[in-house]
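**Student:** This structure is in structure tokens; I'll ask about it shortly.
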Amino acid sequence: MAETILSTSFVTYFIPGACLVGILFALIQWFVVSKVKVGGDSVVNGSNNGYSDSLLDSEEGGDEDAVMKKVATIQEAISEGAESFLTTEYKYLAVFMSAFSVIIFLFLGSVGGFSTDGVPCTHDETQMCAAPLANALFTTIAFILGALTSTLSGYLGMKIATYANARTALEARKSVGQAFIVAFRSGAVMGFLLAASGLLVLFVTILLFKLYFGNDWVGLYEAITGYGLGGSSVALFGRVGGGIYTKAADVGADLVGKVERNIPEDDPRNPAVIADNVGDNVGDIAGMGADLFGSFAESTCAALVISSLSSFGTERSFVAMSYPLLVSAVGIIVCLITTLFATDFFVIKNVKQIEPSLKRQLLISTVLMTIAVGIVSKLALPDTFLINVIGKDWLHAKWWHVFLCVAAGLWAGLIIGYVTEYFTSNTYSPVKEVANSCTTGAATNIIFGLALGYKSVIIPVFAISVAIYIGFSFAAMYGIAVAALGMLGTLSTGLAIDAYGPISDNAGGIAEMAGMRHSVRERTDALDAAGNTTAAIGKGFAIGSAALVSLALFGAYVSRAGISIVNVIEAQTFVGLLVGAMLPYWFSAMTMKSVGKAALAMVEEVRNQFNNNPGIMDYSVKPDYKRCVAISTDASLKEMIPPGALVMLSPIIVGTLFGVNTLAGLLAGALVSGVQIAISASNTGGAWDNAKKYIEAGASPEAQALGPKGSDAHKAAVIGDTVGDPLKDTSGPSLNILIKLMAVESLVFAPFFAAHGGILLKFIS
């Protein structure tokens with residue numbers, strides 16, 4: 001095998017250097033956003049973006065100081081509610097993670113009888129590698145690091161969002177362009193901090209672990225898989241808990257406030273309005289941040305594990321084996337350049353330019369990333385090398401084969417993004433058809449919405465399938481793993497446009513509650529409508545990458561568990577397949593019902609407050625916002641445990657009792673079933689949400705004929721949106737974590753299942 005062009009020293013410095021550049025860029029964006037003051041006077045400097053201009057103008061018709069004080073008070077209430085929830089949630093998670101760390105250590109340590117003696121290396125039995133006890137210990141440490149990094153990612157995302165929401169609302173008073181810049185810069189802060197810090201922690205962990213493992217790449221990267229497991233474990237509970245919180249508040253606020261009392265969505269008279277805005281941050285921001293961090297960590301770990309089983313491991317080429325990390329590092333630089341197109345090179349001047357600007361981000365980052373990956377592939381990979389293929393002879397691969405695999409994943413992600421936008425944006429006919437169906441009531445609205453969701457699965461599944469076929473044809477399971485990395489190569493940009501949505505949504509709520517003029521609310525509504533679409537795009541990326549990551553992890557699991565072929569005709573494998581395909585339905589039933597139960601408590605509370613305090617409607621009595629926040633918090637923390645336990649315990653129970661083959665069937669079934677349900681649920685909910693906003697905005701004669709707010713068609717649209725809320729923000733996005741988490745957990749515990757699994761089958765036989 002030929003040497004790589006890049007040197008080991010270059011890689012050692014370039015990867016952390018790119019991470020530090022990303023972190024520095026995020027801090028600069030945060031500093032620029034901070035120049036928009038919430039409260040106090042600002043100095044006018046005439047800058048293009050108006051960051052220091054006066055925030056309130058004479059058009060308000062009110063007391064500037066009073067409005068500023070109200071904005072600051074609302075922001076503080078949202079921030080305190082979000083921080084209180086996450087702090088409580090993380091206390092629950094600390095207990096769970098501590099217990100699960102002990103399980104990892106005991107299960108993996110028992111494989112070698114907790115021996116401290118070295119064992120023959122997998123790649124070279126003439127050499128001795130790490131002791132079983134050391135593997136258990138380092139895997140546990142990696143798990144804890146992944147969990148802590150994921151926790152930090154979610155928390156930082158929440159802090160950034162609650163910091164930026166009021167500033168976006170205030171900038172919307174001057175122009176939609178300046179509000180867009182604040183929201184997008186704030187999203188970029190989250191995107192770059194998460195991507196850069198996640199990669200930096202992973203790379204430093206690898207370097208430190210290597211001090212012990214030396215050239216035992218197999219042992220090193222098997223231990224590193226704990227990092228992905230920790231990240232996804234936190235992401236699961238963050239997504240489920242945050243999703244239940246936000247949708248309980250949202251459904252309660254909509255059903256009583258909008259449908260029964262006929263008041264605006266974010267009217268300050270609605271007792272659930274603060275809880276609703278808090279939910280946007282703990283669900284869509286903190287949950288999504290942890291989710292995509294988990295995807296990044298797992299796809300990287302999958303690629304590293306498979307590379308350690310291939311010629312990269314036997315020939316110990318550090319540069320070639322760091323290829324997955326180099327792809328992510330280059331992605332940070334590419335996304336940095338791409339961000340400038342939204343904030344500096346092009347200026348948003350009207351509402352119609354918002355969605356095109358966000359779409360341009362996806363296209364520019366994909367094109368630039370394709371070029372960058374081609375260069376990295378040529379420089380970091382040997383001209384030819386061998387890749388391990390399960391159950392077959394070794395595959396001879398070239399550097400450009402791997403490049404094509406990454407590019408396939410990258411462009412499949414773009415296709416999924418654009419298809420998601422087509423089916424969820426109210427600019428196109430699918431959502432308009434759903435809106436028009438509201439003229440005959442909520443039932444037809446729901447029928448059209450479900451049909452849209454089912455249809456939206458077709459092209460994404462074909463795109464994922466093509467990426468899988470190209471990846472496996474050119475580089476076997478390693479090709480699929482790097483295809484997933486390619487789809488996540490523009491992670492910073494994807495997170496920026498995803499976080500932009502909830503920030504804009506909160507800005508609209510603050511504008512409504514602070515009593516800003518109608519034109520400001522129209523601007524924030526336009527930002528929010530585009531944000532709903534970008535949020536759906538982000539979920540599409542997460543689901544698509546989850547499919548590729550899960551398949552790559554599945555391949556690594558099969559190899560590590562010593563399975564030569566997965567035969568679905570065998571009874572135990574087929575049974576696992578059926579049960580695995582059922583699990584996403586079981587999980588969705590639990591999360592949907594949890595939202596329903598929490599929403600029921602919220603509806604009763606909001607109704608009671610309106611009925612017992614008639615003065616709320618004429619503003620003479622202030623609603624009890626804290627009571628609604630407490631209901632969402634308590635319900636979400638209580639209800640997140642059963643679905644989380646279902647996901648975490650299923651692989652352990654099946655692997656221990658029924659063995660590695662049944663578990664292989666379980667993983668395959670969950671992957672195939674979960675992807676379909678996740679895409680359909682997310683797009684259906686997104687379409688219903690934007691159909692409602694299409695009617696509310698009344699931006700065209702067709703939309704005006706369906707409105708105004710409070711019309712029968714609008715009420716039908718609100719009901720559809722209410723049904724879709726838990727689909728798009730709880731069950732749908734949580735399913736991609738389910739299929740990833742089960743796969744990476746199975747890989748981590750594969751040595752234990754191979755050695756001690758199938759207890760029940762052995763007893764029966």
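Each residue, glycine too, has its Cβ placed from N, Cα and C.
Here TrEMBL flags 12-33, 92-114, 134-158, 179-209, 325-348, 360-380, 400-422, 541-559, 565-587, 646-679, 737-761 as transmembrane segment.
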**Student:** Who are the chain neighbours of the transmembrane segment (12-33) in space, where the CB to CB distance is under 8 Å and they lie at least 6 residues beyond its ends?
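**Tutor:** For the transmembrane segment (12-33), the list is 49, 51, 160, 163-164, 167, 182, 185-186, 188-193, 195-197, 199-200, 203-204, 207, 322, 325-326, 329-330, 332-333, 336, 339, 492.
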**Student:** In terms of Cβ proximity under 8 Å, which residues at least six beyond the ends of the transmembrane segment (400-422) contact it?
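**Tutor:** The answer is 323, 327, 355, 359, 362-363, 366, 369-370, 373-374, 377-378, 381, 428, 430, 456, 459-460, 463-464, 466-467, 470-471, 474-475, 478-480, 482-490, 533, 536-537, 539-541, 543-545, 548, 682-683, 686.
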**Student:** Report, as numbers and ranges, which residues of the same chain sit near the transmembrane segment (325-348): CB under 8 Å and 6 or more residues beyond its ends.
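**Tutor:** Tertiary neighbours of the transmembrane segment (325-348) are 11, 14-15, 18-19, 21-22, 25, 48, 176-177, 180-181, 184-185, 188, 191-192, 195-196, 199, 202-203, 206, 296, 300, 354, 357-358, 360-361, 364-365, 368-369, 372-373, 376, 380, 406, 482, 485-486, 488-493, 496.
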